[in-house]
């Protein structure tokens, strides 16, 4: 029966290695589909294996579109050879379905005329009376030629397996007629037949999609098996290779109705085959006798490997391995090409074609154990003992000599076994370390990818916000420019009208002035003519109009002036704030210190009795009442001080304290061993490294002599960083992101603790608490 497009689709997906299959799934998720089809859920694609993936594709898209979509994805991930093979197979299958009736009839007539040696019995022995058995349950074995005895399985390309399947089976699933002599000395059948025409035992069961056809010979031990034909399900469809696994009878599988011979009959056949050689047809028509095989022949292993098979010393690929003949050398995974007859290869032994490691054929005599090393001092004495004092192997005579008298001498096998156990233990340890390293590398890669994604997201966010700001400023610019242009146009129109009116008044005045000047130069008789009218007009001439700004213009100009001042102030504030915030990243020491932040709490057992604490021991302030507390050696009795917890003797520690608007405080670190009774001097010699705010905006460090500190911006939050290894204590103004002071070259001879003092009340001005603030960062070194 011909393969369906679904079978070709599954075969193509199984050809993908895991890495390419993951690329296929990822590309499939991002490939657009036709509108009439719904997309496969992403979760199902991510969990799917080849069989499940093929089922999902056919279920959601149908066979034809599933094949088209698979071809599109394969080409997208540069799997063009697989895409071309699937394309040819799909075209061939569609053309085969159109001519299925004629091909079926032709193949049926062809199957009736097959040679007897190539026909498959309908009712094999051991299964008679059960009706016709469907294909795929274990076909009858065909006889193999003698040159195939030394041949192992080799993987073939997909196109070649299709050709073999199409040539070896007709439309009804029966083997087609083929020539007994095939190229390369291959047998026409999938396996060797037992004597008397009985079929070998073969069980098949379903396996995972990662499986492959692995045939183990069901005959006597040491017998090889040829590649089986394709197997078909009862429905008529070919069973995918990933669902077939051949199980040898040595696995004690449960009884299966598809078994051709029972285990008892197989054992009897093996015993019969072990007593006499069997004649086996060869490609040239002759016969050759097989070696005796069975339990009585010690030269044959239980796994069915001939005695002349040797492993490659470098890649450990077993020549003629019945599983898959794959070279498993660390740097080589090339499937080995199986040879024909052992004697047909000449003097050069076959080997792995990639790592070029030849598989030397060794005779049974060459497999004898090598002689044990002999003692150099005492000839012919085998070194069977080991001297642990000299760390060398010795013989029995050496152990009795004066040189080794009283030494620890043990059997060399016992010492070797002990060292093997140590080696195994170290190997396990190193493998665990390597696994841990791989996990850490994977974790590091994940974190790096996560950080890169976060960086890219922040970059896009900043760009988007700045674009919004730029767009807003651009809009405001257009608004102001347009408003000012409107006001300018209005002022221009008003000025033009005013100029017109004033020009008319000036022209009238110029006319009257001219007339009066002319009258002044005339004679008396002419002067007195019309003088009254001219003088009247001169007295009643209108005064030129004064300039008056319209109220609308005044209001608009005032409004624009106010807005411009607001924009100027806002822009200045925004620029200063942004510059200040950006300068916070210019203190790399503070950023590095914050990476070593620790969780610090207040130790109430060390506190001055008047101090009041919060429930979480993160905040402290000075109270009004003297609390009656146990006066232990660790409590301060005269200084308003409380220590922090935990103490530390190594590494680097960082914590931050909110001081707010307090007018006095003390912060820093001190030795755990300091005296806590009576008055004390805060200095490094006495074990105190602190910064003190004595009065408002007056700061000093407790050095000798005290160092006055000039701080431009009073800190609202103070950061303290202690590097025990270097011997330094640094103070930072977290608010201004600036450095305050550093005690360098300190001598720490014991554990240190954080120290806090909220200061005196200062007439009610200093009642606010000191609060330990959380800091994001890594833990201590």
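Every residue gets a Cβ built from N, Cα and C, even glycine.
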*Of the residues 43, 209, 242, 570, which is given the phosphoserine tag by Swiss-Prot?*
242
*Swiss-Prot annotation (zinc finger) - matching range among 284-326, 327-369, 370-412*: 370-412
*Please find, within the list 173-202, 413-442, 443-472, the residue stretch that Swiss-Prot describes as coiled coil.*
413-442
*Where else in the chain does the coiled coil (413-442) make close Cβ contacts, counting only residues six or more beyond its ends and a cut-off under 8 Å?*
386, 388
*For the domain 'Pyrin' (1-92), residues assigned helix / strand / coil by DSSP*: 69 helix, 0 strand, 23 coil
*Just give the helix, strand and coil counts over the motif 'Nuclear localization signal' (420-437), going by DSSP.*
18 helix, 0 strand, 0 coil
_DSSP-derived helix, strand and coil totals, residue by residue, for the zinc finger (370-412)_ = 9 helix, 11 strand, 23 coil
